[in-house]
Every structure is written in C-alpha cells, then in structure tokens.
Amino acid sequence: MQDSRHMLALQLCLVAAFIAAVYSECSLPNSLSFAVLRNSDERKSYPIGTNLTYRCKPGYEPIPGTRPVIRCLETSEWSEIPQFCQGRHCPFPNIENGKIATMTDFRLGDQITFACNEGYRLIGQNGARCMLLAGRVVWNRNPPPCQRIPCLPPPTIANGKHSSTDSDDNYVHGSAVTYDCESGFSLIGKKTIVCTTDENDTVGKWSGSAPRCEVVECRRPEVSNGRIISSYQRSYIYGNTVMFECYRGYILQGENVIKCEANNTWNPAPPKCVLRDCDPPRDVPFAVLSSEEQRESYPVGTSLTYNCIPGYEYIWGQKLTIRCLTTSEWSESHQFCQKRKCPFPKIQNGRLAARSDLFFDSEITFICNEGHRLIGHNTARCVLEDGNVVWNRDIPRCERIPCLPPPAIANGTFRGSDGDTFLYGSKVQYWCDSGLSLIGENIISCIIERSGLNTKWSGPAPECKVVSCNRPEVPKGQIFPKQASYTYGDTVHFLCSLGHILKGSRISKCEVDSSWHPAPPTCVLGSCDPPTGLYFAELLDAYKNQSSYPVGSVVKYKCQPGYTKQLELPSFIQCLTSMKWSSVLVHCEKQSCGNPGEPENGRLIEPKDFLFGSSINFTCDEGYSLIGQSSIQCVVSGQKVTWSGEIPLCQRRQCPFPKIENGKIANESDFHLGDQIMFQCDEGHRLIGHNGARCVLLKNNNVDWDKDPPYCEHEILLPSSGPNVTSTFPTYTSSLPTLQTELAWEKLFIILQEIKDLINIKTKSFEERLDGLEKKVDKVIYEMKSCCQQSREERLEEEVEEES
C-alpha cells in the first residue's frame with residue numbers, strides 16, 4: 001500500500017515537470033498580412049514575458065491609438081494580436097458624368113465599381129482595385145469615361161418637318177424633336193418625341209413613333225335647341241374641340257365637349273338637347289298636393305294644386321296652383337297657407353312672456369306681475385280640436401301675495417290701506433300719542449322679497465319718543481324757521497350775512513339723540529379774487545404780493561408808462577360785500593407826443609392823433625423822394641413820451657446823368673424833375689437824334705428823360721475833284737457821281753476802302769446803321785472795280801453820250 005503511494009507521487013512529479021517544461025516559453029508567432037517583426041533575430045521560441053514589436057508593411061500605416069506589441073504570456077501563448085495597421089488611402093477617383101456604385105474607404109486592397117449617370121454609357125472596365133506600386137498606393141486602372149447615349153436620327157414625315165434642340169443634329173439622351181406640318185395639314189400624334197434610355201441601354205430610343213401629317217376637316221356640328229359656346233367656325237381641323245350648351249328648358253344628352261379626330265369625325269358624337277321635364281315639386285310644411293298621383297317627373301305644362309293642412313288657413317289673394325314651365329322649373333309659389341291663430345288669453349295681474357306666439361302648434365308662457373303668484377299651469381299650447389284651434393288647458397290666474405300683520409308700537413297706533421287685510425302693495429301708516437315724536441318711517445309697505453316668492457314689510461316699525469333740540473346759533477348768520485325748540489325730524493336752513501361765506505351744510509336736522517345733524521355751519525368773512533391787470537395801470541408794489549383780499553380791503557393802482565393820471569378820477573378799487581371788486585374807472589389817459597410838423601415839400605397822411613402808441617406816416621409831394629423814415633411812433637422815453645425818429649426830408653428827384661459819346665450837355669442843370677437840357681456834339685461830329693430832353697415823371701412814379709440821348713457821328717468829306725461828290729458819310733445814298741478822270745475814280749475807290757476798314761464805332765445804334773452802310777460801300781467798290789477795268793475809249797464814249 002505504501003509502495004503504491006510512492007509510485008503515485010512519482011507520477012505526479014513527472015507530470016508537473018513535463019507541464020513546466022512545456023509552458024515555460026512561446027513559439028515563433030504567426031506571420032501577419034499587414035506587419036512584420038521589428039526584431040532582427042527570429043527564434044524558434046521566446047521566454048515567458050518577452051515583448052515583440054511590429055512595424056507596418058509597405059502600403060500600410062499605423063492605426064492611431066493602437067500599440068504594435070505582443071507579449072509571451074505565462075500560458076506560453078502570445079497575447080491577442082490587435083489590428084494596429086491599416087491600408088493607406090488611394091486618391092479619390094473622379095468620374096465625369098458618373099458615380100461610384102460601391103463606396104469604400106479607398107484603402108489598399110479595396111475594390112470599387114463605377115456607374116454612369118442616367119443617359120450615359122460606360123466605356124471600359126467598370127471596376128478598379130487599390131494596389132501598391134513602387135511604394136505608392138494607386139488604382140490599378142484609371143476611371144472609365146461616361147459617354148452620352150446616342151439615338152438614331154428621328155424619322156422624317158411626309159408633308160412635315162421636325163426641329164431639334166441640338167443644332168448639330170447630334171441626337172443623344174434628352175434630345176427633343178418637335179414636328180410641324182405643312183400648311184393645310186393636321187398633325188396626328190404626339191408633336192414632340194424625346195431620346196430616352198432604359199437601364200443598361202447603350203443605345204437610346206425615341207419616346208414614341210413620329211406623328212403623321214394628314215388633311216383632316218370636320219364639318220361644323222349642329223345641335224337643335226342648343227348652341228356652340230366656343231370655337232364657332234365654318235370647319236374644323238384635327239384636334240379642334242367644340243363646347244355645347246342647351247337652351248333653357250332643355251337638357252343635354254351626351255358630352256358637352258367633342259373633338260375633331262383624324263378620321264374627319266367628331267368624338268364623341270355631338271350631343272342632343274331634349275325637352276326637360278320638371279322634377280317633383282318641393283314639399284311645403286303648410287300644404288299637400290291634391291289627390292294627384294306622385295310621379296318622378298312632370299311634363300312641361302303640368303299644373304298641380306295644393307290644399308292647406310289642418311291647423312292652417314288659406315291666405316287671401318295667393319295662388320294654390322303651380323305650373324311646370326318650359327325652363328323645366330315650377331312657377332314661383334309664395335306661402336299661400338298660414339297658421340291659424342288661437343284667441344288671445346287674458347290674465348288679470350299677469351302677462352304673456354316676451355315673443356309669445358298665438359299661432360297653431362305654438363306654446364305660450366304666463367307670467368304674473370310683481371307681488372302676485374300664479375294659480376294653475378304656467379304654459380298652454382295652441383292645438384287643433386274638432387277642426388278649430390284652441391288652448392289645450394285653462395288660463396291660470398294671478399293672486400296678490402299676502403303679508404303677515406304689521407308690528408304694533410308702544411305709545412302709538414297704525415292703520416292699513418286695505419283695512420285688516422295685508423297683501424302685496426298694502427301700506428300701513430303709524431301715529432304717535434300726543435307729545436311724542438315718531439322715530440323712523442311713518443309708512444311701511446308690503447313688498448316682495450328678492451326671491452320673488454314671499455313678501456315682507458319694507459322696514460321696521462317706528463318708535464314713539466320724547467325728542468327736543470335747542471335752537472342752533474350761527475354768528476353772522478340767520479336760521480329759518482326760527483323757533484324756541486324743535487322736535488325730531490324738524491329741519492332748519494342757514495343763511496350768512498352779506499360779505500360772509502357759509503362753511504358747512506346749509507340744512508341741518510333734529511335727530512333722535514336731540515342733536516343737529518349735520519352740525520350747524522359757520523359764517524366766515526369772504527374775500528375777492530386777485531384783481532385783474534389793466535392795460536393803462538398796474539398795482540402798486542405793496543399790493544402785488546398780497547395773498548388774500550378780504551371784504552372791505554382796498555388796492556391802489558399807478559399809471560403804466562405812457563399814461564398819466566386823471567386828477568378827478570380815483571385810482572383804487574374796493575372788495576365789496578358781494579365779494580366782487582368795485583368798478584374800475586379808466587383813470588389814466590395816454591400822454592401826447594405833440595404834432596411833429598410836416599416835412600418841406602411833404603405832408604402827414606391823415607393822422608388820427610399824436611398820443612402814446614400812435615403811428616404817423618409821411619409822404620412827399622410829386623417829384624420828391626423821401627429821405628429817412630416814412631413812419632414814426634409815439635413811444636416811452638424815461639417818464640415821458642417822444643417820437644421814435646426825426647421828421648424825414650423830401651428831396652427833389654433827379655433824372656440819371658445822360659451820357660453822350662463825342663458830345664456834351666450845352667446848358668448847366670442838376671437834372672431835377674422838370675429841368676430841360678440841350679445836347680451838343682464835339683467838333684467834327686454831327687448830332688443824330690433829338691438835341692434836347694426834359695426830366696419827367698413816369699407812370700410807374702419813377703423819373704427819367706422824355707427822349708433818348710442822341711449820338712454824335714464823325715463827319716467825312718468825299719473828294720471834291722468831281723461834281724456832286726461832297727457828302728457826309730452816313731447819309732451817302734446818291735447814285736455814283738459822274739467822274740471825268742480815271743484818277744478821280746481811283747481816289748474815290750481808295751477813300752471808300754479806307755472808310756470801310758478804319759471806322760470802328762462801338763455804339764449799338766450806330767453799328768446797326770453801319771451794317772447797312774457796309775453793303776452800300778461793297779456795292780460801290782464792286783461797281784468801281786468793274787468801271788476801272790473798262791477801256792479808256794469806252795469811258796470817253798460814255799462821257800460823250802452823257803454830255804450829248
């Protein structure tokens with residue numbers, strides 16, 4: 001037994017030694033697709049606790065936040081290998097007119113698929129893979145191009161043509177073609193077709209077959225008892241539509257809109273307008289049709305008669321018959337039956353509720369007057385009984401509500417208005433025994449409580465007591481009526497003496513406690529309001545700041561500047577007992593500045609007076625100008641008044657100085673109104689115009705010369721070798737003189753030329769004359785040139801002829 005135990009222990013030790021030998025190291029870790037070990041020596045095994053570090057293979061990059069390390073654990077196994085490297089990104093593949101069908105992160109090893117947008121087809125491979133090439137990650141092929149899917153040219157049509165949205169006749173997906181027919185042809189089919197594609201198509205197709213152009217004509221449709229309300233014309237072509245409506249009283253059978261089809265017919269067929277029946281007439285609540293059988297419809301011309309139902313009666317003058325008109329409507333019917341009325345119910349001391357209706361089938365409500373109660377039903381209905389309308393129950397009655405007997409009082413008695421019966425509205429009056437005063441209301445009434453159901457007395461019963469009030473005293477006042485003593489309920493009136501004001505109530509009453517209420521008033525001395533300001537005077541300083549002005553007080557005034565005191569009139573006012581000021585007399589009068597006098601050659605314009613505040617106006621005689629102020633005012637100056645300015649001057653008016661070039665004024669003058677001047681030209685000049693002028697007054701009250709100044713012209717003498725050649729320059733208008741020698745002609749020519757070149761007169765009036773003169777000089781020069789070109793013999797012959 002002991003030997004067997006030793007053997008078991010030995011076996012256990014051997015097993016433990018084996019396990020320790022097996023789990024004391026780790027074998028070489030498996031290779032990874034994305035990383036390799038950094039360690040330079042690779043061994044078959046590694047001790048427990050060994051750390052191995054990896055680095056990413058080409059085309060891979062570390063994943064942020066991860067550690068590329070593994071450790072040999074005590075179990076002789078490597079720790080879990082994390083994904084610490086990831087493929088690097090390939091560039092984003094752009095494909096024009098296309099997209100990426102299968103999206104990835106575009107990392108090493110990822111595959112993508114390309115697809116084209118609608119209407120485009122893919123040329124080339126539809127996929128690519130991210131791969132490593134020369135240390136870089138790139139796509140194994142470029143993105144394929146996406147080409148727009150083409151369509152075959154659209155079909156042509158006879159008697160028509162088409163136009164495309166593409167100007168170069170390149171028909172691709174989305175291209176539209178529109179067809180038009182030649183004149184006289186109608187287009188049958190769709191006007192526009194479009195190049196379309198289905199999924200995975202590489203060649204497009206047209207959205208429909210081409211239309212055709214045909215001659216289509218539909219005749220104008222005719223509809224009896226109806227009309228066309230649109231597109232009214234003699235004939236119609238394909239696609240035209242026509243809309244119909246029927247005349248009143250007719251109904252349209254068929255469609256109201258038809259269309260001209262390619263086979264020259266209308267679709268649908270034109271409708272018909274047939275005579276319309278009347279629908280059954282509407283029910284009325286007050287009548288029924290006579291024994292006429294009810295139908296679904298009634299022909300035009302049918303007449304129906306109504307009968308009033310029980311409880312209703314015929315309204316005189318209204319028709320009971322209606323007729324089916326050609327408009328398929330019944331003739332207008334008014335209410336021809338009305339409810340019958342029950343007799344008016346009379347209820348004493350009561351009334352009907354507002355808006356009560358007495359007609360058949362109506363219900364009325366009865367209400368008793370205040371203080372009365374209703375005996376019976378408060379409602380009734382107007383019903384039909386044996387062919388008559390009556391109320392369904394008897395009319396109720398309204399009785400006065402009773403009151404309890406009134407309370408009795410000590411030392412007094414009472415009497416009721418209705419004797420010993422006390423009902424709503426009854427009054428009871430109380431009396432006291434001799435020598436006693438009645439305290440409270442002497443009459444009470446039986447009234448209704450707020451609930452409206454019960455009654456009560458309007459107040460408590462009064463009392464009978466001995467009450468005496470002394471006569472009140474009010475200094476400076478009086479009382480009415482004036483008695484030695486007063487009893488309960490007596491009233492007195494108070495009145496203050498003149499000049500006094502009552503403070504308190506004007507009336508007081510003797511109360512049950514022998515006192516007056518409210519308390520008697522007092523009479524205080526009255527006062528006047530502050531005196532108003534005066535235009536001619538002001539209060540003396542001693543009275544300006546006074547706060548009150550009691551009756552009898554006096555205030556004094558002083559005159560305003562510009563005014564003076566009238567000795568015979570008082571300058572004070574007094575507060576009267578009426579609390580009004582005594583009348584204010586105008587005790588100050590305006591001071592006078594005196595007559596300032598009139599200016600020489602002028603006058604005053606109707607002055608009113610020369611008192612303070614007045615203004616006077618001056619004016620000058622005709623031909624004189626006013627120098628200074630035309631108006632002055634009488635104003636205050638210190639303690640006196642004086643004029644605000646000096647009297648103006650009237651100066652004789654002057655005309656402007658007349659300027660005359662190359663001349664002067666012959667006589668001395670100041671150019672005043674009425675003066676006359678004479679003009680004279682300098683030597684060698686001639687006066688053109690008037691030689692004199694007078695200074696006159698114009699209509700606008702200005703002064704000016706009655707004539708414009710003249711101007712002085714330069715005198716020029718022509719050569720004297722020939723006859724009739726001496727003439728002043730401006731007035732030379734005679735014909736060309738007869739000259740006997742060529743020299744004279746030449747001299748005249750030279751002089752005229754010099755005159756034209758040298759004269760430079762600036763006056764405007766002369767420039768106008770010079771313009772006309774220049775034309776004459778030019779004409780003479782032209783004639784003289786022509787004359788000088790003639791031969792001497794010709795001139796001599798002319799002279800001989802002139803002499804003969």
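The backbone N, Cα and C atoms fix where each Cβ goes, and this holds for glycine too.
Record source TrEMBL places C496 in a disulfide bond whose other cysteine, from C469, C523, is C523. Per TrEMBL, C273 makes its disulfide bond with C246 among C246, C308, C324. Among C403, C464, C469, the one TrEMBL lists as the disulfide partner of C446 is C403. Each of the disulfide-bonded residues C446, C523 was scored by the other Cβ atoms within 10 Å of its Cβ; the lowest score goes to C523. Comparing the Cα of C403 (disulfide bond) with the Cα of every entry in C246, C273, C496, these being the disulfide-bonded residues, the smallest distance points to C496. For the domain 'Sushi' (340-400), the number of residues in each DSSP class (helix H, G, I; strand E, B; coil) is 0 helix, 30 strand, 31 coil. Spacing of C273 (disulfide bond) relative to C523 (disulfide bond) is 107 Å (Cα to Cα, whole number). Of all the disulfide-bonded residues in the list C446, C496, C523, the shortest Cα-Cα distance to C246 (disulfide bond) is found for C446. Over the domain 'Sushi' (401-466), the average per-residue pLDDT in this prediction is 89.
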